[in-house]
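Feature annotations, reproduced from TrEMBL:
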ACT_SITE  127  active site, proton donor
BINDING   91, 112, 115, 166, 378  substrate binding site
BINDING   210, 242  NAD(+) binding site
SITE      167  site 'Important for catalysis'
Ligand SMILES: NC(=O)C1=CN([C@@H]2O[C@H](COP(=O)(O)OP(=O)(O)OC[C@H]3O[C@@H](n4cnc5c(N)ncnc54)[C@H](OP(=O)(O)O)[C@@H]3O)[C@@H](O)[C@H]2O)C=CC1
Ligand SMILES: O=C(O)CCC(=O)C(=O)O
């Protein structure tokens with residue numbers, strides 16, 4: 001049962017932001033976990049700190065005019081949601097997709113605040129983006145868009161203020177365009193973006209970090225709960241972007257058989273094992289995932305990406321986008337005997353699907369812990385930039401493994417200490433909530 005203090009705050013948010021579906025969903029999921037903490041500390045109600053925590057510090061909105069290759073003028077909406085600064089400077093990715101709106105960026109900024117606190121690196125939480133679709137745009141169009149976006153956003157960034165990175169639709173190349181414009185506008189080369197190219201300040205292993213981190217955490221969970229590893233496990237991974245591709249590579253390196261991956265265009269089911277490098281080639285060359293079957297005729301293509309959840313597997317890794325896996329699909333996965341689901345994307349599982357997994361005793365690793373490897377290596381990139389140095393790939397990878405194992409241990413111990421050692425959603429939410437609210441109270445925020 002949700003604590004009445006939380007219910008009352010949630011009702012207020014629901015009235016005020018009734019149209020912000022994703023934001024309300026992320027707050028509700030969080031509130032479901034933290035009722036017990038409220039009874040432990042009278043300051044929580046006295047200071048009304050939770051009402052404070054669910055509201056972003058500020059939302060910056062601006063227009064982004066740009067010109068396409070034919071000279072036609074367009075205007076998109078740009079955003080940066082600076083959510084919470086209690087633990088460090090604002091930190092979080094930038095997303096370019098037509099679906100971007102305030103609700104999506106508020107949910108992502110909220111998640112990011114708690115995710116970043118789990119890393120143990122002093123980072124606040126933020127998220128930004130624009131309702132711009134980089135697909136089928138030329139390089140020059142993307143460059144012009146990034147310049148216009150930065151024209152406004154640069155005023156609000158700084159290595160000790162707000163440090164963006166990439167996210168959906170924003171690759172290392174796009175980060176480079178934004179960072180380049182930041183330098184032209186400010187005359188400063190400083191660690192103000194992460195996920196930069198490695199020739200001009202980017203960290204080795206940042207590209208791989210989110211995917212590798214997911215697998216490090218899955219390995220820690222398999223060891224703790226099932227005394228096993230990934231060898232010969234059947235794995236499905238939704239998406240075929242940055243996160244999915246590197247999750248796929250690492251899963252295979254650890255002995256798993258990845259039998260399906262997807263994109264907006266559909267699903268590839270390849271029973272003998274997906275050729276991840278070929279999928280990466282398809283992505284890099286803007287081809288359709290369907291083309292995979294031209295090289296591998298024994299693979300099956302299905303047009304609806306949701307068909308991936310019908311495929312038999314031991315482990316499911318949703319690594320594409322929010323709410324991509326709903327209750328009906330959760331039922332199929334459970335009926336097919338899944339043992340573990342780990343969220344690679346941010347909130348890929350709907351609330352009722354998450355409940356279904358937990359109620360059916362399926363080990364469920366929440367995204368804010370599982371995909372924290374990306375922002376962790378972003379934190380390591382900031383450290384390298386501040387020291388004006390580079391670390392080699394293995395050094396960064398080793399630090400990433402240490403961070404992911406520590407996040408898992410802390411989350412597991414928290415869940416255990418609250419009497420529910422299999423509920424990692426509760427473990428992650430309680431642990432991260434405590435870190436953020438206590439820091440806010442100590443600073444009088
Ligand atoms: N990049 C990072 O470091 C981090 C990313 N994340 C999260 O991980 C997720 C993926 O991000 P990232 O890999 O960087 O993004 P990318 O843009 O690199 O890739 C996204 C992939 O998801 C696919 N996709 C999008 N919507 C759907 C859908 N409805 N069904 C199936 N596939 C879909 C895209 O297909 P198509 O190619 O057809 O568009 C693409 O293959 C996001 O939720 C992001 O917020 C979380 C932590 C860090
Ligand atoms: O590396 C970062 O700053 C943020 C990565 C990100 O957007 C995320 O964790 O969802």
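Placed from the backbone N, Cα and C atoms, the Cβ positions cover glycine too.
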Cα-Cα distance linking residue 127 (active site, proton donor) and residue 167 (site 'Important for catalysis'), given in Å to the nearest integer: 9
Collapsed DSSP category at residue 167 (site 'Important for catalysis'): coil
Maximum Cα-Cα separation in Å among residues 91, 112, 115, 166, 378, which the record lists as binding substrate: 16
Listed recorded positions with Cβ under 6 Å from ligand 1, out of 91, 115, 127, 378: none
Where the C-beta lies under 6 angstroms from ligand 2, the matching binding-site residues among 166, 210, 242: none
Among 91, 115, 378, which are recorded as binding-site residues, the nearest neighbour of residue 210 (NAD(+) binding site) by Cα: 378
Which of 112, 242, 378, the listed binding-site residues, has fewest other Cβ atoms within 10 Å: 242
In three-state DSSP terms, the structure that residue 91 (substrate binding site) belongs to: strand
Environment of 91, 112, 115, 166, 378, the listed substrate site - residues of the same chain whose CB lies within 8 A of the CB centroid: 92, 93, 116, 123, 125, 126, 127, 165, 194, 374, 375
Spatial separation of residue 242 (NAD(+) binding site) from residue 115 (substrate binding site) - C-alpha basis, Å: 19
Rounded to the nearest Å - Cα separation of residue 112 (substrate binding site) and residue 127 (active site, proton donor): 8
Set of same-chain residues at least 6 away whose C-beta sits under 8 angstroms from residue 127 (active site, proton donor): 80, 81, 83, 92, 93, 94, 95, 105, 108, 109, 112, 167
Length of the line joining the Cα atoms of residue 242 (NAD(+) binding site) and residue 166 (substrate binding site), in Å: 10
Number of other Cβ atoms within 10 Å of the Cβ of residue 210 (NAD(+) binding site) across all protein chains: 27
